[in-house]
Amino acid sequence: MSDLTKKDDEYWRDKLDAEQFRICREKGTERPFTGEYCDSKEPGTYLCRCCAEPLFESATKYDSGSGWPSFFQPIKGDAVGEIKDTSHGMVRVEVVCHNCGCHLGHVFPDGPKPTGLRYCINSASIQLQKEGAE
């Protein structure tokens, strides 16, 4: 992880709007079917909202019916970190940006082939870099 993991709340509040801060830095969750990228089919690369690290390719995005953008694998194996999450009386696996620690969402073992995984990601935690844009 980079030095971004050591930044304080004030640093992130200056960079993110209130909803993005709640989700990315306080491990919040956006309401299902409300996120900007829930239904997006635009080609490109999804970057971390906090640090612009590439996380997911649109080619791995699919409609899981969950109400959140879902991907079957990250752009590379070490793009995201996984942390055991026992909040809210459940046992889940939290997904974070490996570069800055941004809360992205959770990963579940009910996704499609080839991985069988569903990375259920908050739209507020990512931003789409459209294909051909830099």
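The count begins at 1 with the first shown residue.
Just so it is clear, glycine is given a Cβ too, placed from its N, Cα and C backbone atoms.
In Swiss-Prot this protein carries:
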- C120: active site, nucleophile (ACT_SITE)
- C48, C51, C97, C100: Zn(2+) binding site (BINDING)
- 9-131: domain 'MsrB' (DOMAIN)
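As a whole-number mean, the pLDDT of the domain 'MsrB' (9-131) in this prediction is 96. Mapped onto DSSP helix, strand and coil, the domain 'MsrB' (9-131) counts 23 helix, 40 strand, 60 coil. Minimal Cβ crowding within 10 Å, among the recorded positions C48, C51, C97, C100, C120, is found at C51. Taking the Cα atom of each, C120 (active site, nucleophile) and C48 (Zn(2+) binding site) are about 14 angstrom apart.
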